[in-house]
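Asker: Summarising the annotation, TrEMBL assigns domain 'Cytochrome oxidase subunit I profile' to 16-533. The transmembrane segment feature in TrEMBL is assigned to 33-57, 77-107, 119-137, 157-180, 201-228, 248-272, 284-304, 316-335, 356-376, 396-414, 426-450, 470-494.
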Amino acid sequence: MSTTTQQNDVNFYNCKKGFMSWAYTLDHKRIGIMYLVASCVALFAGGAFALMIRAQLATPGGMLPMTPEYKDTYNMWFTLHGVIMVFLFIIPAIPAAIGNFILPLMVGAKDVAFPRMNLASFYLYVIGASIALYGIVGGETPLTTGWTFYLPYSKETAGAVITMTFAAFVLGFSSIFTGINFIVTIHKLRAPGMSWYKMPLLLWALYATSILQVLATPVLGITLMLLIAERTLQVGIFDPALGGDPVLFQHFFWFYSHPAVYIMILPGMGIISEVISCFSRKVIFGYKAIANSSIAIAVISFLVWGHHMFLSGQSVYAGLVFSFLTFLVAIPSAIKVFNWVATLHRASITFEAPMCYALSFLFLFTIGGLTGLPLATLSTDIVLHDTYYVVAHFHYVMFGGTVIAFFAGLHFYWPKMVGKMYNETVAKIACLIVFIGFNVTFFSQFFLGYTGMPRRYFTYDSSNELWSQMHGFSSIGAFILGFGVLILFSNLLASLFSDRKAPNNPWGATTMDWETQSPPILENFSEDVPVMKKAPYEYD
Ligand code: HEM
Ligand SMILES: [Cu+2]
């Protein structure tokens, strides 16, 4: 087995030292680690806003005085929660952080195709994040538009719209750079022997994600530039007062942002494929179906944006077409879930922490996906649109899906990334607390939603007993969830100070990334041209 590779003391951390060696690094592993640290900081910042939102809604009276200015404070909280989580955490977290580290190891390469562009991508991220930070604490009127920047409000408000949309514009370029790099790396740098259908499924997922990043993100960039032009030059593109059309903004925005939800979920799905087959000790069921469904999702996801606009004034005919196409995109997602479950069937499963997270993912993502169907159905969406039902739905996919998959990946690849083993028992306890906290927080929101509680309100009718109860549950759940995440990260960080050295292949996985040392040496492989010896998932 490949675990027997000689462990030597030189690795990519200690081969060069000092601040400059990180600031100018071209090593994909160091860039991945920097992205990881940055996106986890964003997770905690976004999480802090989430807890403030839930503290406010714990009771109908809330903690903010009921005056208009404080209503704006609440609007700022949910806006910044959304902006930070989407643009600074979830979009970079799996591809740019874990992907950057693992992708070159997985294809058997020394680095990504364009290492300088990779570093530029990270700096664009830092610049974009700094502009966003300036927009938050730089003294401008806070942003209160929601992460969707809908007009005409975003044209009229005094808030920091220009600063924040410009930040998102810069962050978009960082995402495009990562996408281009991954596409070229996968095309050009695969190890001899690794034909397309011998690629690990995480590579397929990252490939599909990269296509979306490269094709969809420019549309967001242009849309945000048009919004800035509208505000500064009064052109009359989106603003009805100037003869523009606010619905056009929604079309442009969702033309990016629906594919973007797949930029968020596809890499997570890739991680789940790796983890489930590894801890099932089995060839993954339906390899080609999973690989092709990633590409199918990427293609179809461009055709469904109108499902966010059923009630925005588009024609009923358009609504019908978008509804139909949305059902279509559910099929490849369902194919994946089917194949993961089939892989578990009659497998010799072991329940290490990454697998516990992967199983949570299966459960939560299935709820997230299924609750999307009533939203895709025109007649039921009319009732559910803009209620807490939508909030619950997208948190089941984005947190229950993507973030849980990120946690699975973090625990799976941690030994490779830092060369230390974390405490397995603590990791499992954290996983359980996160699972319980998550469901208490968000399942209650389905009840709120279909009894009509609108989203983005800072208070609610105190005579409605169900709402008081469900909001109360949801807030308690949020703090349980936050506590679980805190344990999770403390446990990982504590491992850095422990002496539990990680073996090269602690989980007995079969892909090439595990043939490297933990942590890997500077150029990853000791051979000049490593050759793929085994197809992925050939467990013996
Ligand atoms: C089976 C697949 C899915 C279906 C059928 C589906 C359907 C829908 C529909 C129709 C809406 C609009 C609801 C409304 O505003 O009234 C919606 C909202 C949303 N979905 Fe999904 N969805 C699916 C998967 C996903 C995935 C994988 C993600 C993210 C990773 C996601 C994230 C979101 C978000 C963020 C929103 C709300 C955006 C906002 O208005 O702020 N969905 N979904
Ligand atoms: Cu959508």
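Numbering starts at 1 and runs along the chain as it is shown here.
Every residue, even glycine, has its Cβ placed from backbone N, Cα and C.
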Asker: Do any residues of this chain, six or more beyond the ends of the transmembrane segment (77-107), have a C-beta under 8 angstroms from a C-beta of it, and if so which?
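Answerer: Distal contacts: 28-29, 31-33, 35-36, 38-39, 42-43, 45-46, 49-50, 52-53, 56, 118, 121-122, 125, 128-129, 132, 136, 142-148, 164, 167-168, 171, 174-175, 178-179, 182, 185-186, 189-191, 194, 199-200, 202-203, 206, 209-210, 213, 260, 263-264, 267-268, 270-271, 398, 402-403, 405-406, 409-410, 413, 416-417, 456, 511-513, 516, 520, 524.
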Asker: Decide whether the stretches the transmembrane segment (284-304) and the transmembrane segment (119-137) have at least 3 CB pairs under 8 angstroms, with pairs required to be 6 or more apart in sequence.
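Answerer: Checked: the transmembrane segment (284-304) vs the transmembrane segment (119-137), no contact.
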Asker: Calculate the per-residue pLDDT averaged over the domain 'Cytochrome oxidase subunit I profile' (16-533) and state the result as an integer.
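Answerer: PLDDT averaged over the stretch: 96.
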Asker: Short question: which residues 6 or more past the ends of the transmembrane segment (426-450) have a Cβ under 8 Å from it?
Answerer: 54, 351, 353, 356-357, 360, 364, 371, 383-384, 387-392, 395-396, 399-400, 404, 407, 411, 466-467, 470-471, 473-474, 476-485, 487-488, 491
